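See below for the structure under consideration.
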């Protein structure tokens, strides 16, 4: 949930000639292009190295990945152009808020447009649907699951936007991802087996265990966790989108490594399928981050956090690497464990579990609320909002690096 105080939904009177000039809000700040350029430069080095130099990836598969990437570049610029337009419309409808972490300063009185995740979600769906023309045939085995994945993501975007407009209670938010995951669970035709870790084979008695309906239950729970974990690890300018960008980048690199190291065609297609959905998520999220980075000129809303979490859950499920996905989500897992006493009602849970802002120093101080943000501030001391966000994204990147290191050291021994 973004660090904002939503404006009260009062009816807006029709403009008059005397008040028209005073009711027009100034345009939002331009995107932070330097930030996006630096990230793209850093990400492109391992991306093209793995795609062209380190592994011998089949020409057709590499071509599909690059076509998808080209569409994503177009989607990035389209998203950047659409966000200022959409921000004017949502502001006119009263969908704006005030940044709580800047309360007591001039920036805290600025109306910030909300729910701009709807733009990212729409552009993502357009890119994903257009890509079918270049990659899938009408009799493709993956087409049914691909469209089911898009249906679940689309459903989650809709429910997220409904949440932004109606502000539904937490107990309902926990159920929404379960409803959105139904198209994927119903269309899922893959295996329901898990590979038993080698140290446990002697105790279980078999190397592969079929879980049946329990595997689909696990898939649904994974969708619920990923969707809500992004939503509750939030409250700073750029944190929701930033963590998604870091995890999505790690997912793309992981998929390229698995495609290059495997000789199983079906296994390669599963990871390529994941790339086809993660690259549009990464591109559109980067466009949103250019506006949402500190100081944020737009708020992403629950529309974006639900959409991003569901997309990553879908690719983890259909790419068959849910264990790796959960390790990429280590900071979110820790944040969930810290939040559990308040989310369960055992400890009183305020509406906004944000750190305390001091307008005189411009620093945030950790409270006793159970979030990773407050826990980190209690350890390292007061930080500015921008510095704290950078620290937390660095922790996110370290968690992803730990996942790669863990897979490397456990390869051949664990599975």
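Glycine too: its Cβ is placed from the backbone N, Cα and C atoms.
Annotated features in TrEMBL:
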type     : residues : note
REGION   : 1-26     : region 'Disordered'
TRANSMEM : 34-53    : transmembrane segment
TRANSMEM : 65-83    : transmembrane segment
TRANSMEM : 116-136  : transmembrane segment
TRANSMEM : 143-162  : transmembrane segment
TRANSMEM : 174-196  : transmembrane segment
TRANSMEM : 217-236  : transmembrane segment
TRANSMEM : 242-261  : transmembrane segment
TRANSMEM : 273-294  : transmembrane segment
TRANSMEM : 306-330  : transmembrane segment
TRANSMEM : 388-410  : transmembrane segment
#### Entry: For the transmembrane segment (143-162), distant same-chain residues with Cβ under 8 A (at least six beyond the ends)
115, 117-118, 121-122, 124-125, 128-129, 132, 136-137, 168, 176-177, 179-184, 186-190, 223, 227, 273, 276-277, 301-307, 309-311, 314-315, 318
### Task
With Cβ distances under 8 Å as the criterion, find the stretch in 174-196, 242-261, 273-294 that has the most pairs with the transmembrane segment (65-83).
273-294
### Query
Which of 174-196, 217-236, 273-294, 388-410 shares the most C-beta pairs under 8 angstroms with the transmembrane segment (116-136)?
273-294
### Task
Can you tell me which of 174-196, 217-236, 273-294, 388-410 gets the most C-beta pairs within less than 8 Å of the transmembrane segment (34-53)?
273-294
### Query
How about the transmembrane segment (242-261) and the transmembrane segment (388-410): do they have 3 or more C-beta pairs under 8 A, pairs 6 or more apart in sequence?
yes
### Message
What residues elsewhere in the chain lie close to the transmembrane segment (174-196), defined as a C-beta under 8 angstroms and at least 6 residues from its ends?
### Response
144-145, 147-149, 151-153, 155-156, 159-160, 163, 168, 204, 206-216, 219-220, 223-224, 226-228, 306, 309-310, 313-314, 317-318, 320, 415
